[in-house]
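First comes the structure, then the notes that go with it.
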Amino acid sequence: MTFFGRKKGQNNEDIENNSGSGHKRNVSTASATQTLPKRCIYVNMSLPQNDLDQYGEPKTQYAANKIRTSKYTLLTFLPKNIFEQFRRVANIYFLFVVILQITPLVGGGTDPILAALPLVSITAMTALKDAFEDWKRHSQDNSLNKSKTIRLENWNNVNAPNGQNTRRKYLSKIFNFILSWLGYKNSVNYNASISDSKDSEESDLTKNNAKWAVSRWQDVRVGDIIKLKNNDSIPADIVILSTSEPDGLCYVETKELDGETNLKIRHCISSTASIKSESDCEHASFHVESEPPHSNLYSYTGILRWSDQPGIENQKIDPISINNVLLRGCVLRNTECAIGLVLFTGIDTKIMLNSGDTPSKRSRIEIETNFHVTMNFIILFLLCLGSAIADAIYYIQPTSSADFFENGGGNGDSAKSSGFVTFWVSLILFQNIVPISLYITIEMVKTIQAYFIYSDVDMYYEKLDYPCTPKTWNISDDLGQIEYIFSDKTGTLTQNVMEFRKCTINGVAYGLGETDTTRGAKLAENSEQKSKDDDDVDLEAEKQSMLTEMAKLFNNRYISSNPTFIDPKLYQDLRTADRQAKAIQDFFSALALCHTVLVEHPDENNPFRIEYKAQSPDEAALVGCARDVGFTFLERYQDTLTIELLGERKEFTLLNVLEFNSTRKRMSVILRPPEGGVVLLCKGADSVIYERLEKGRQTKLREDTLADLEVFANEGLRTLCIAYRVISDEEYNVWAKKYEEAASSIYDREEKIEQACELIEHSLILMGGTAIEDRLQEGVPECIATLAKAGIKIWVLTGDKTETAINIGFACNLLQKDMLLIVISASDKESAKRQLDDALNKFFGPQAENKNSKHALIIDGETLKYALDKNIKPQFLELGKRCQSVVCCRVSPLQKAKVVGMVKEGLNVMTLSIGDGANDVSMIQEANVGVGIAGEEGRQAAMAADYAFAQFRFLEKLLLVHGRWSYIRIAEMISCFFYKNIVWTIAMFWFQIWTVFSAQFLYDYSYIMLYNLVFTAFPVMFLGAFDQDVDAKTSLKYPQLYKRGILQEDFTKSKFWLYVLDAFYQSAVCFFVSFGLFQFGSTHPTGLTNNGLTDLGTIVAGSVIATVNLYVGLNTMNWTWMAFVVIGISIFSFYAWVELYSVWASIGFFRLDLILFSEIDFWLAIAISVIISILPRYTVKYLHKSYWPTDTDIIREKIRKEKKTKRKRKVLEEDKVPITSSGRPLDVNSYTTLSDDMLSDNSLTDIPIKKERSIPKLPKITTLRKGRTASIRSEEQLYHMQSGKRQSFTGYAYSSEESSFEKFRQSVYKPINPHKKHNRSHTHSRSYTTTEIKEDNRTSFLSTFSLNRSHTLPNTLFRRMSPSPSRSPSPNRSISDRSQRVDDNRRSEGEEVELSVMSPSSPSYSPS
């Protein structure tokens, strides 16, 4: 080592560095903690008098450690759940209707139970669902609360209330209340009780019987002392007093807290490291001054004050930071035991403070449904108002029937009162026009959709055992309307698995090989694919050369099996023993020492196999590369770091670690080398390191290093700078005192620490830079390209440098070579506004050139800060809207959320944010839909997201398949729901014409009650849960179909009104057809008639139920056996109910089944009503799909044609047999079949199939399309075919030029009718062939005219099927010449191979 052994005053060598990011950590704000009082926890000390109440109990009552994440308890479930359900306006409306129904004046004596049954049923179903979900939460809570831990017992915890004193306090309160109520003065003396409690506490403090005992988590209290063993979960937030390790370290896994799987190092407080036993815990006397609880996982501030000697306070002070604290939810690893003091319990722990619900989100369709509900309320109001006015008019008519049959003349004493009462009665009558079961049906359907998403194996990541997990179930339809995606880069588009690829040391660049970015750029430029393969071969050779050079220098026993850094030149320079060799040694020694990684030996039998566990993958990659090069970090024991440098072992004393955070963007260690002195090593972002370099030195080196770093960034690599500084002992001692004071501060500790770090991190000497590759995830380029075809715009918000982000954008298809890149970089607000205006005018203004070109916007974080200003935001938003892609670089977490909010609110579009780190949480929660990646950076983003999965590529299926399906299903289901209720209700309105609008019920009340619950509930639910327009494979094949959701074409106001008009028409048909057939009635053989109100209501109800269920079926696009069963059972359920109800119901309904079901008029009325009702809708759908098809219609027709063609191919294969002209079967060995890779079922066009080898040919019998496989039949089958007794034949085209073929045809395919045998002439066979071709290619709505109206899909996808032209051989040429010519042409042009062939050996054939 050179700089570790330098003497004071010796010049430092010029070396070089690079910048990168380390572990991301949030910085707590001091203001948040200053607003709350600090928490003091006493151990073996009496509480100060002012901290006790009059009963001798602590004034401060801390939260219990028993947690409850459930919403309800047994006592609060009923009132709280009812309150939540009746926050919906619709439920309040239905409750109001129930109250009206049980009112005698309006309801007419309606049974209260029947009136309330629909509302009670819906609310009960919702309550049961909520109860089940909450019961699962209760079960989890109970399991956690009853977990076991080891707690110190038989020891007085003065911070928690004493049970005896607590009972005494409450008894005293009750006794004093009774005395005061009787008129006596308060006579209880508390002093004695307080004195007794103090004496009891003092006696407890002197006991020596404390012992460890098993306790439940829920019994742990603040101030308790806990003993943790290896692999124990931590029950509360505790400060570490001691550990079993000699250096006071312990290792903790925080996966349950923040999702990070790497082990973290935690330290005990140095002054309490000697506490090992129960006796030590009893006799230690101190108190902890802690900050109040807050949610920041990466920050804690506190101090421990000792008071060992009487009369002496604050004798010793120890600072407490987050590195001295174990948080609830973490697990102790690789440590035998640890002892800790409980700081926070229950809801005050950080994990509970971070477990708050994500923001409540409502789907767009749910919000827009309010319009439909409002319109239904308006329709209901108009119906009631019209009925009331009509009733008043009929009331004042002198010839009204009410004058003769009703006492009082109507519903009231006057026309006004009668109309008023009729209005409210009509409200009861037409109440079902607002669907009561709509909301519960939507919830059930979305639950099923969430289950389908969770069960999709295509989105399951086996490596992490992680499926796609829906966390917010009520926004699944929003997945089908996303227009903007905001994505993080690191860990989201990339793997976050870092590989050290290149470096620059003392101005010399090292490292060979290409990155994913450079390879992607070459492929985008249509470079030859073999360049990649050649590079791999060369890289392997260079690797072997490097290992050879290394072996000449030293024996590296710790090198990994697959080193990522390869360059033989590095070892060649090391062997020269010059200035560059020293620079290389210093550089990699710094990488081996400047870190906080842990060493693991996964193989006990191989001590030379070392793995590193770091808090960030960047840090592990840096230390791992140093190991592979020959600078191996071996272990950390207390404050000693041991490394092996080129085979020589050395030990360094670690003095301080200045940790990385998102504000500092750097990390430093201060060491004492074995040669003596003090050295500071620093690594961080290039901008941060360059600001702290020694002024006036290394000018040339800085320029060379920056040039190399720019090259690395252009290759998509993450860069870091490495620097050092030699410090005198005097300077270090002065600084160490200031740093200790800052670390001991309870308020503003992190700010003071930052100020102290600035005092030592200056005048650095640049050593070099590193370049780490974060490789793209599998399938990211393909996924982004597919999403772009679907019309989705993607914005990448990253903290990387501009050059790195641009090159990653090209590698993942976000940026393309034909795009014009608009780079905005400004240093002030005016400059940002000017550049945005110039870009808009230049590229999108009236005089703009290349208006049709694609554009991409690149903007950095500093400029973005100005662009988000309210005065500049409109220009930025307009420019971003016009660009196909946007990349924001050097963006902070807050800026990410602001960008998402700007687009969501400014453009009123559906947005989706996807990220993997804690810094992405704000962005995820701001978007309409938040998606979290469960990856290497942890799962905090996944915990805060609405959907979580493991790979970015799964987003493709989540949106294009499940999202699109959910949107289409929910949109159609809600429309059909409103439709079916309007049909049912308006039919009763038509009946009011014959009842002079007296609000008479047409249906039996049981029909009304069961209509939405049974008779029509399941078809719409089935449509919403299972319907598909196209399958998943087709949805991914044609991503353009997704644009219908972006444009919101399936859930519109016009569609709602069309369904309303359809409902009015069908209700009129169902009522008037039934009324017309039954108005005169008929006599039953038993003497009963069927012209009563009950009979009419039953036939109208039967017609409506059959019509609406079949109508829903007509709108169902995927008819399966389940659809038939559901619709059939729903229709049948009504007639089954009539049969059952007529047996035990009242006299008015008794044996109605015998009266109606035996009448032909009953069934005829239902059939006529259904046909007339459905026919217009069917006609419109037919015309629309035939002449104005949507893109979905075109694709569905294409799929149908493909299936039909595949079936026809199969039949033709079975009928086409290779036979020689002599009638003998062709030799199977001379027959050629198609290989699997030549077959395709994805195209209807005739794609030429190149033959594999030469086979005998005859004039063409038919041209088989791609996908045809040869049919090889047995000899017995062939001779059976010679008899002419074929089992199936669909017809095929053949040449009529040769007479032998006509004879062959007549002999093989004998006509069934012998009288028509002579009509099979040569001319007729030719006509027959032509007819078959036309039949096979009949014109459908997939016409060119229809396709030209589709702007979503390319016309080339829908080329009309056209048969291959018949290529009959000329009769003037010999068969051999013709065969030779066809073979030659096919070899040169790739023409089709005939799968059915005959040998031309014989000119004729005679049947045997």
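Cβ coordinates come from backbone N, Cα and C, glycine included.
If you check TrEMBL, you get these features:
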- 1-32: region 'Disordered' (REGION)
- 17-32: compositional bias 'Polar residues' (COMPBIAS)
- 89-107: transmembrane segment (TRANSMEM)
- 113-132: transmembrane segment (TRANSMEM)
- 371-396: transmembrane segment (TRANSMEM)
- 421-442: transmembrane segment (TRANSMEM)
- Asp488, Thr490, Asp916, Asp920: Mg(2+) binding site (BINDING)
- 942-1190: domain 'P-type ATPase C-terminal' (DOMAIN)
- 982-1002: transmembrane segment (TRANSMEM)
- 1008-1026: transmembrane segment (TRANSMEM)
- 1056-1080: transmembrane segment (TRANSMEM)
- 1092-1112: transmembrane segment (TRANSMEM)
- 1119-1138: transmembrane segment (TRANSMEM)
- 1154-1175: transmembrane segment (TRANSMEM)
- 1310-1332: region 'Disordered' (REGION)
- 1313-1325: compositional bias 'Basic residues' (COMPBIAS)
- 1354-1408: region 'Disordered' (REGION)
- 1359-1374: compositional bias 'Low complexity' (COMPBIAS)
- 1375-1390: compositional bias 'Basic and acidic residues' (COMPBIAS)
- 1399-1408: compositional bias 'Low complexity' (COMPBIAS)
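The transmembrane segment (1092-1112) makes no contact with the transmembrane segment (89-107): fewer than 3 of their CB pairs lie within 8 A, with pairs spaced 6 or more apart in sequence. The Cβ of Asp488 has fewer other Cβ atoms within 10 Å than any other of the binding-site residues Asp488, Asp916, Asp920. Using a Cβ-Cβ cut-off under 8 Å and counting only residues 6 or more beyond its ends in the same chain, the transmembrane segment (113-132) has close neighbours at 71-72, 77, 81-82, 85, 91, 94-95, 98, 101-102, 107, 436-437, 439-440, 443, 1005-1006, 1009, 1012-1013. Summarising the environment of Thr490 (Mg(2+) binding site), the number of other Cβ atoms within 10 Å of its Cβ, over all protein chains shown, is 28. Mean per-residue pLDDT, taken over the domain 'P-type ATPase C-terminal' (942-1190), amounts to 87.
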